[in-house]
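Take a look at the structure set out below.
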Amino acid sequence: MLLAGAIFVLTIVLVIWQPKGLGIGWSATLGAVLALVTGVVHPGDIPVVWNIVWNATAAFIAVIIISLLLDESGFFEWAALHVSRWGNGRGRLLFTWIVLLGAAVAALFANDGAALILTPIVIAMLLALGFSKGTTLAFVMAAGFIADTASLPLIVSNLVNIVSADFFGLGFREYASVMVPVDIAAIVATLVMLHLYFRKDIPQNYDMALLKSPAEAIKDPATFKTGWVVLLLLLVGFFVLEPLGIPVSAIAAVGALILFVVAKRGHAINTGKVLRGAPWQIVIFSLGMYLVVYGLRNAGLTEYLSGVLNVLADNGLWAATLGTGFLTAFLSSIMNNMPTVLVGALSIDGSTASGVIKEAMVYANVIGCDLGPKITPIGSLATLLWLHVLSQKNMTISWGYYFRTGIIMTLPVLFVTLAALALRLSFTL
């Protein structure tokens, strides 16, 4: 256990610290090699882990490529400028619409896309409106927060969701039927908390005349228009084709290919830059990181956690839901959500829970790993990258400020979301 734990801690430190620009993929690979050399994992574990991660990572990359292409076409700026007009010059209404836009983008383009793509657009828009630094910080924090709390509804909304759905064989429709209503509760709770926390920083009014026309944001009309068609086809494909056995990654890849071909023909978008910007290292990161996590499983960590989950399961649906969700949220906040979701999945699989209790634990694990990272900056790689993007925009958020805000905001939203899950699953009893 000590050796497996030491390798895991070393890997996490390298992934978060990234000394001398060392990519997350190579850090995870180093951890995996150490685990193999020391016998913590065995060569036979490699195909097992690959079977867990391949569909998730491929789907995630395809969705991010679609997001990047649409961003280059002006799609997201166009949407942001439209919702800013729906605010009708009222600050609180603008704040609400920006949060709801972030929720929609997170649902369709994954949490990473929502946080990293929307943030620079929101900053530019707020600067154009002449908002203060405090107001800009409030809007930026809101955009970053909703990106994770609203990344629950669809399998493709978060890499965590895809990994868990693949592990437990959850279909797209089955997953959405449970998590869409839960996500609505999460969005409402997030909106309430954001308005309460940042109430002093949201301006009463703003001058809509300072905003440019949404049409001016469109840089590649062909890619912009095709994007709407691709989104519709993706949603239909996910709900219709995935139940027939076609992987989510294959459906997403076709959508990315169609959009890429259109963008390539238009010459307005640097498609080479888009491909270089795709998170290719996530492939070797997922395989390497999960091999290291599998070492923890081989060393008995997940067996210990299974015992904890058994106690929760014995106390009924609500205890299982709330207990699992808060446990995995805490683990995500201190050891990153990507390894945590697999630790949680392996522990649930090894527990004696069955029926609706096990189902509750599976979804609570997803919720904990989606929302838990908002407590600390190290909870997710997307948050670390988001903070880096902000620093490049001369907006530095200290880890202390992030933690204070994160823990106050996250715990109530997490509780409401888990309670919504327990209520939703109560109807299946």
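Numbering starts at 1 and runs along the chain as displayed.
Including glycine, each Cβ sits where the backbone N, Cα and C put it.
Residues annotated as topological domain 'Cytoplasmic' in Swiss-Prot: 1-20 (among others). Residues 27-28, 30-31, 34-35, 38, 40, 285, 288-289, 292-293, 295-296, 298-301, 335-336, 339, 378, 381, 384 of the same chain lie 6 or more positions beyond the ends of the topological domain 'Cytoplasmic' (1-20) yet place their CB under 8 Å from a CB of it.
Annotation source Swiss-Prot lists transmembrane segment at 21-41 (among others). Long-range contacts of the transmembrane segment (21-41) within the same chain, counting only residues at least 6 positions beyond its ends with a Cβ under 8 Å from a Cβ of the stretch, are 3-4, 7-8, 10-11, 14-15, 280-289, 291-292, 294-295, 298-299, 381.
Tertiary proximity for the topological domain 'Periplasmic' (42-45) is limited to same-chain residues at least six positions away from its ends with a CB under 8 Å from its CB atoms, namely 36, 291, 294, 298. According to Swiss-Prot, the feature topological domain 'Periplasmic' maps to 42-45 (among others).
Swiss-Prot lists 46-66 (among others) with the feature transmembrane segment. Long-range contacts of the transmembrane segment (46-66) within its own chain (CB-CB distance under 8 A, at least 6 residues past either end) are made by residues 109-110, 112-113, 156, 159, 162-163, 166-167, 227, 230, 234, 247-249, 252-253, 255-256, 259-260, 274-275, 278-280, 282-283, 286-287, 290-291, 294, 342.
What Swiss-Prot records for 67-97 (among others) is topological domain 'Cytoplasmic', and it gives sequence analysis as the kind of evidence. Beyond the topological domain 'Cytoplasmic' (67-97), the same-chain residues lying 6 or more positions past its ends with a Cβ under 8 Å from any Cβ of the stretch are 105, 109-110, 113, 117-118, 121-122, 125, 138-139, 142, 191, 194-195, 198, 202-208, 211-215, 217-221, 223-224, 227, 256, 259-260, 263, 268-271, 274, 277-278.
Per Swiss-Prot, the feature transmembrane segment maps to 98-118 (among others).
Long-range contacts of the transmembrane segment (121-141) within the same chain, counting only residues at least 6 positions beyond its ends with a Cβ under 8 Å from a Cβ of the stretch, are 76-77, 80-81, 84, 95, 98, 198, 201-203, 206-207, 210-212, 390, 393, 395, 397, 405. Annotated transmembrane segment per Swiss-Prot: 121-141 (among others), in sequence order.
Residues annotated as topological domain 'Cytoplasmic' in Swiss-Prot, with sequence analysis given as evidence: 142-151 (among others). Sequence-distant neighbours of the topological domain 'Cytoplasmic' (142-151) (same chain, 6+ residues past either end, Cβ-Cβ under 8 Å): 95, 98-99, 102-103, 105-107, 110-112, 114-115, 118-119, 122, 157-158, 161, 183, 186-187, 189-190, 194, 198, 370-371, 373-374, 380, 382-383, 386, 409-410, 413, 417.
If one looks beyond the transmembrane segment (152-172) by at least 6 residues along the same chain, the residues whose Cβ comes under 8 Å of a Cβ in the stretch are 52-53, 55-57, 59-60, 63, 106-108, 110-112, 179-180, 182-183, 186, 238-239, 242-243, 248, 252, 282, 337-338, 341-342, 344-345, 349, 362, 365-367, 369-370, 417. Feature annotation from Swiss-Prot assigns transmembrane segment to 152-172 (among others); the stated evidence is sequence analysis.
The topological domain 'Periplasmic' annotation in Swiss-Prot covers 173-177 (among others) and is backed by sequence analysis. Below 8 angstroms of C-beta separation, residues 153-155, 161, 165, 239, 242-243 of the same chain, each at least six residues beyond the ends of the topological domain 'Periplasmic' (173-177), sit close to that stretch.
Annotated transmembrane segment per Swiss-Prot: 178-198 (among others), in sequence order, evidence recorded as sequence analysis. Through the fold, the transmembrane segment (178-198) approaches residues 92, 95-96, 99-100, 103, 107, 138, 141-142, 145-146, 149-150, 152-154, 161, 359, 363, 366-367, 371, 405, 408-409, 412-413, 416-417, 419-421, 424-425 of its own chain, all at least 6 residues removed from its boundaries and within a Cβ separation under 8 Å.
Below 8 angstroms of C-beta separation, residues 66, 69-70, 72-75, 77-78, 81-82, 84-85, 87-92, 94-95, 125, 128-132, 134-135, 137-138, 258-259, 262-263, 265-266, 268-269 of the same chain, each at least six residues beyond the ends of the topological domain 'Cytoplasmic' (199-227), sit close to that stretch. As annotated by Swiss-Prot, topological domain 'Cytoplasmic' applies to 199-227 (among others), with the evidence given as sequence analysis.
Within its own chain, the transmembrane segment (228-248) is flanked in space by residues 55, 58-59, 66, 108, 154-156, 162, 171-173, 176, 254-255, 258-259, which lie at least six positions past its ends and keep a Cβ under 8 Å from the stretch. Per Swiss-Prot, transmembrane segment is recorded for 228-248 (among others).
Taken from Swiss-Prot, the feature transmembrane segment covers 249-269 (among others), and the record attributes it to sequence analysis.
The annotation topological domain 'Cytoplasmic' is assigned in Swiss-Prot to 270-273 (among others) on the grounds of sequence analysis. Sequence-distant contacts of the topological domain 'Cytoplasmic' (270-273) (same chain, six or more residues past either end, CB-CB distance under 8 Å): 69, 72, 260, 263-264.
Residues or ranges marked as transmembrane segment by Swiss-Prot on the basis of sequence analysis: 274-294 (among others). Listed as Cβ neighbours of the transmembrane segment (274-294) (distance under 8 Å, sequence separation of 6 or more from its ends, same chain) are residues 7-8, 11, 15, 23-32, 35-36, 41, 45-46, 48-50, 52-53, 56-58, 60-61, 64-65, 68-69, 72, 112, 159, 260, 263, 338-339, 342-343, 346.
Cβ atoms under 8 Å from those of the transmembrane segment (407-427) belong to residues 145, 149, 152, 178, 181-182, 184-186, 188-190, 193-194, 197, 317-318, 321-322, 325-326, 329, 356, 359-360, 363-364, 367-368, 371-372, 374-375 of the same chain, restricted to positions at least 6 beyond its ends. Under DSSP, residues within the topological domain 'Cytoplasmic' (199-227) fall into helix, strand and coil as 14 helix, 1 strand, 14 coil.
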